[in-house]
Amino acid sequence: MARKTLRARRFFSLIFPFFFITSVYAEQTPVSAKTVTVEAKNETFAPQHPDQYQSWKATSEQSAREDALAEDPRLVILWAGYPFSRDYNKPRGHAYAVTDVRETLRTGAPKTAEDGPLPMACWSCKSPDVARLIQQEGEDGYFHGKWARGGPEIVNDLGCADCHNTASDDFAQGKPALTLSRPYAERAMEAIGKPFEKAGRFDQQSMVCGQCHVEYYFDGKNKAVKFPWDEGMKVENMEQYYDAIAFSDWTNSLSRTPMLKAQHPEYETWSAGIHGKNNVTCIDCHMPKVQNAEGKLYTDHKIGNPFDNFAQTCANCHTQDKASLQKVVAERKQAIHDLKIKVEDQLVHAHFEAKAAWDAGATDAEMKPILNDIRHAQWRWDLAIASHGIHMHAPEEGLRMLGSAMDKAADARTKLARLLATKGITHEIPLPDISTKEKAQKAIGLNMQQINAEKQDFLKTVVPQWEDQARKNGLLSQ
């Protein structure tokens, strides 16, 4: 009966001088190669959809920053040589999408549009301006160049046109008009047999979220976004795909392992869990129907924890009370956390032991099978923990992946012990003090004082120029 109620409710749902920096970014002008129908300014739709807009704005209340590296300094070692070792915060409200990608140390401190460590693709899940630029420039045009090139263009936070065809008649009539605004996401869904236009309403609801809440990588010279789903969506399928094309995100600076970095694979892990298998969608749990002051139902766009709207989410299907369900979820979360830490401890040792083997004169041939085990172990660990809600979405799959990661890490360490013995090293390889984020970063040679100073200079000088240029071009409200 509760399931019928849910379906009925679904039916109604939806450090150069300042003047130099100024001149560099002032030279950028909008391209008008194609007719653009994507309106990226979210406030444009406030009069037509006031309840949805105000609830979307309320994601700004989810403002707390949680430093994942400070909470777990092991991560610094696992990501040694990669920007995530500098800075990794847990996710917060959608209203901070653009702010957070500007402020993270991972994007560096570029001085010009052609400067910096990361490609344009790093904007891809942050703003409806991405959909506008893809429509305007084409995918090749959008992906071309460095991340800093998009600074004056990608300025509106993740919002309406990311998920809705706001230029359609259906949207004008108050219908949801869901859309995949990223062509690469549409191709990925087709690769797993889910063409968006042929999908049902419930499938489309989750597919829209799956444009961003997925694993992806940067493909080819242009660093275009691609989902590694050609062989399937399970961790082993994606691992097989990456291995076949000899892809790596970076090389760990300690062990010299060609590594894979998982992003935020909620769509994949949700699909593997009981909710996904029963088509209980992202919307059902994170964007329920609620009533406004006049008693009218609307979709709550303050995307958040389902327990915050228990009566409108979990209680539609579950007969247990809130406290009982919270206890179950907490137990699952703790089980995954405990195994996660055990795997990390093994991987930390493996990276330092591999470094010791290289230092002792190990050859590429001797190290290859060991590095392969480290790569596969950390990939499986990462895909499990990068999906922050896996304890709810697919706890069994999370534990399975972590168990497999533990086995692979143990294999690597066994092989390392044997190899080190042939080099005359039979003692335990000592670890440096990595008890805090700062100590771990020092252990891998990061100059965090310099990195932070460069970032602050970028935020004080470059970002204001981006915003001024965006206002001049009509991309931001005054």
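One-based numbering along the chain as shown.
Every residue, even glycine, has its Cβ placed from backbone N, Cα and C.
Taken verbatim from Swiss-Prot:
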| type | residues | note |
| --- | --- | --- |
| BINDING | His94, Cys209, Cys212, His213 | heme c 3 binding site |
| BINDING | Cys122, Cys125, Lys126 | heme binding site |
| BINDING | Cys160, Cys163, His164, His301 | heme c 2 binding site |
| BINDING | Glu215, Tyr216, Lys261, Gln263 | Ca(2+) binding site |
| BINDING | Tyr216, His264 | substrate binding site |
| BINDING | His275, Cys314, Cys317, His318 | heme c 5 binding site |
| BINDING | Cys282, Cys285, His286, His393 | heme c 4 binding site |
| SIGNAL | 1-26 | signal peptide |
Want to know which binding-site residues, from Lys126, Cys209, His213, His301, His318, are within 10 Å of His286 (heme c 4 binding site) at Cα; which are they? His301
Given the heme c 5 site His275, Cys314, Cys317, His318, its other Cβ neighbours within 8 Å of the Cβ centroid, in chain order, are Val280, Cys285, Thr313, Ala315, Asn316, Leu325
Taking all protein chains shown into account, the Cβ-based neighbour count within 10 Å for His286 (heme c 4 binding site) is 19
Note on heme: the CB centroid of Cys122, Cys125, Lys126 has further same-chain residues inside 8 Å, namely Ala97, Val101, Ala121, Trp123, Ser124, Ser127, Val130, Cys212
Quick check: in three-state DSSP terms, what is His164 (heme c 2 binding site)? strand
Taking the recorded heme c 4 site as Cys282, Cys285, His286, His393, identify the other residues of that chain whose CB atom sits within 8 Å of the mean position of the site's CB atoms, giving them in sequence order. Cys209, Glu266, Trp270, His275, Val280, Thr281, Ile283, Asp284, Pro306, Gly389, Met392
Please report the distance from the Cα of Lys126 (heme binding site) to the Cα of His94 (heme c 3 binding site), rounded to the nearest angstrom. 8
Running the binding-site residues Cys125, His275, Cys317 through a 10 angstrom C-alpha radius around His213 (heme c 3 binding site) leaves Cys125
If you measure between the CA atoms of Cys285 (heme c 4 binding site) and Cys125 (heme binding site) and round to the nearest Å, you get 21
Tertiary neighbours of His164 (heme c 2 binding site) (same chain, Cβ under 8 Å, six or more apart): Phe171, Pro176, Ala177, Leu178, Thr179
Counting every protein chain present, what is the number of Cβ atoms, excluding its own, within 10 Å of the Cβ of His301 (heme c 2 binding site)? 22
Quick one: give me the count of other CB atoms within 10 A of the CB of His213 (heme c 3 binding site). 22
Quick check: of the binding-site residues listed here (Lys261, His275, Cys282), which one has the Cα closest to that of His94 (heme c 3 binding site)? Cys282
Candidate binding-site residues Cys160, Cys163, Cys212, Glu215, Cys317, pick with smallest Cα gap to His264 (substrate binding site): Glu215
Rounded inter-Cα distance in Å - Cys314 (heme c 5 binding site), Cys282 (heme c 4 binding site): 12
Near-site residues: heme c 3, ref His94, Cys209, Cys212, His213, CB cutoff 8 A to centroid: Cys125, Leu158, Gly210, Gln211, Glu266, Cys282, Ile303
